[in-house]
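**Student:** Take a look at what TrEMBL says about it:
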type	residues	note
DOMAIN	53-168	domain 'Thiamine pyrophosphate enzyme N-terminal TPP-binding'
DOMAIN	273-405	domain 'Thiamine pyrophosphate enzyme central'
DOMAIN	467-618	domain 'Thiamine pyrophosphate enzyme TPP-binding'
TRANSMEM	13-33	transmembrane segment
């Protein structure tokens, strides 16, 4: 027989229910108090008399991280941080377009190994930077973008220039954060600076709403009514706003660490390095391809150069690695890369990626042993499932790896006939270039000959900035940077319009250098107005424009394939006159001055040395030098 279970007395249920309800109410109230910052305000007071503002916290962090330049286009949302940076000795350089500010920050990052910083106003100020931020992402440049925003209280309420900026930049940046209280500025910026440089470097974005940048009394004036509230609802709203304001500024000026956080830089393991040493030691025809990642900190460029020379392996240099070995180094092979890769038995891809530049890996021989090292695993293994297979894949810092590899192969030598074979192919290709330089063109100057004369004139202290298609593609074969970190191109994204920003950043970083910018005439259209910036800030740079009156890299394929030159034609515009209208110096080279090219280049140098930015408008004809080059 079953024993009946006694039912709980009905009276016991109600106290339990009331206790649960009371606990839930208390938890809800505590949660609300936490969200309203009431507990924080009990321990951290608000200095309502202070005239300090959040821009000072921004400037303090930048100074503590060694930031020397802040690039901007002014806007009311960000004025406090600009003023604070100026007071702390950070040079504020304003440009005529926000995209130029970010390109300039990118150049600073590449040339100094630190974080380049740009600040722009909310809404359209930020959307104007998208191309440059994406370029920095693909080029792996550590750039900090500071963006203004509408007040935290007015987000999603139709404020001026208020959009969802975070959603816009999350796909482009390694780190995105929106500062909601003044006390968060310093830790957020420190985290952003560390994220930009750790792992695979890249851009980061910090949104700074207007009410975390301006002083208390100004925010109070905008947020809280000066008239006493009426009615219960009015008093409730007034209390909420006063408390919101207090939480915004509570603990704002309490001391916090401002300096850099430790960086997380991946390193190759000793076992991986040893395995690569063993593979390379057995090679007969080794080849190294060095890309931009090789020049990243912590390995200095001079230490990397010594390691490459000690290694003694013929190498191709790309991206920021161009110029690492100086001009005409016997280990530096410049031409016929695809043919060399097919013949090599061991290939070290050091910061080089198997994307379109290596035909997605198809230029690598199936019989070659491939060693690849890269900080980014996804990039490192790109297309390895289709066209190529790595013998060893090392996720780690490229420069440090090359140094360790050279140490492990100390004393190793390779037969000289392999390097000589590659140099002979170089010499044959260069002879072809000389022949093309001597060929007449239908009108104006032969661009190949002009660029040969640029190469002969270029000083050892120069930095080359390149921005264009056909003319710049020709220059890449003919003009050599004189040393490491003396070549700036957009990178794999192929962005036009980088020229003025890159030149601006380069000249500020290295004022003793001559900055030579090689522009296509199409690309120069993006940079022309920034000669006003160069004039205003007394930044002398040289722009050499290969002016062939068209988007020639496109028309080379469009006309024979599709039978029309539509949208490819430009005019032989007087860009030098436009530059003069902006206060710069302007010079012209055409067929009438064919024998004066070097003289005019020297004149441009003298003008620059005298403190003037210069535009040399070089009217050129068309050659078959780049027939078959990639445009898509």
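Glycine residues also receive a Cβ, built from the backbone N, Cα and C atoms like all the rest.
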**Student:** For the domain 'Thiamine pyrophosphate enzyme central' (273-405), give the DSSP counts of helix residues, strand residues and coil residues.
**Tutor:** 52 helix, 24 strand, 57 coil
**Student:** Counting by DSSP secondary structure, give me helix, strand and coil numbers for the domain 'Thiamine pyrophosphate enzyme N-terminal TPP-binding' (53-168).
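**Tutor:** Secondary-structure breakdown of the domain 'Thiamine pyrophosphate enzyme N-terminal TPP-binding' (53-168): 59 helix, 21 strand, 36 coil.
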**Student:** Need one number: mean pLDDT over the domain 'Thiamine pyrophosphate enzyme TPP-binding' (467-618).
**Tutor:** 96
